[in-house]
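K.L.:
Annotations per Swiss-Prot:
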BINDING   CYS84, HIS87, CYS157  Zn(2+) binding site
Amino acid sequence: MDNHAAVREFDEERATAAIRELLIAVGEDPDREGLLETPARVARAYKETFAGLHEDPTTVLEKTFSEGHEELVLVREIPIYSMCEHHLVPFFGVAHIGYIPGKSGKVTGLSKLARLADMFAKRPQVQERLTSQIADALVEKLDAQAVAVVIEAEHLCMAMRGIRKPGAVTTTSAVRGGFKNNAASRAEVFSLIRGH
């Protein structure tokens, strides 16, 4: 499930030195007043931004409740922030996460869905994989009979470089189980995600 399991711990000292070298490489003076603390600040920011590399996101789904609930659970408009692994610039937007509990009726706390998305997002990432990882975790840990995850995000690698199209939104979806196999159920959950 999580292909980042063997990642080494964050090396803040090494990251600070690397940022200092990057400033030199782009033609800046890392010893000028405005940049003196920048390497350490950026290293601390990256430590937080990539914290998901050092966590197993599926652990947030270990606490469940046997509610006997057999219908859709959907949380919409969950803000997400991640870093494009190709350019190491942010992408950000919203995730919509829905599932129908399995036969056991196990549900998780609503905040756990947002936490799951955050933990998978806090690593070098691509939106397509992020979407699938969230869906697969719900199937694996909750034994959900149907899962739908939709992410809508703006990628700064498209907005501030290359094609330069700010405001362009990329939408990805991952459907599992009943939502994948039943067109009517899939259409219903996508309609609810759109808010109609």
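Placement of Cβ uses the backbone N, Cα and C atoms for every residue, glycine included.
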K.L.:
Which residues, same chain and not among CYS84, HIS87, CYS157, have a CB within 8 angstroms of the centroid of the CB atoms at the recorded Zn(2+) site?
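P.N.:
Here the non-site neighbours turn out to be MET83, GLU85, HIS86, LEU88, VAL89, PHE91, HIS155, LEU156, MET158, ARG161.
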K.L.:
Would you mind pulling the DSSP three-state label for CYS84 (Zn(2+) binding site)?
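P.N.:
DSSP call for CYS84 (Zn(2+) binding site): strand.
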K.L.:
What residues, ordered by sequence, lie under 8 A Cβ-to-Cβ from HIS87 (Zn(2+) binding site) and sit at least six positions away in the same chain?
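P.N.:
Looking at Cβ-Cβ distances below 8 Å from HIS87 (Zn(2+) binding site), excluding near sequence neighbours, one finds CYS157, ARG161.
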K.L.:
For CYS84 (Zn(2+) binding site), which residues in the same chain are close in space, meaning a Cβ under 8 Å from its Cβ, but six or more apart along the sequence?
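P.N.:
Once residues fewer than 6 apart are set aside, CYS84 (Zn(2+) binding site) is near PRO90, PHE91, PRO124, GLN125, VAL126, HIS155, LEU156, CYS157.
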K.L.:
Any idea what DSSP makes of CYS157 (Zn(2+) binding site), helix, strand or coil?
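P.N.:
Its secondary structure by DSSP: helix.
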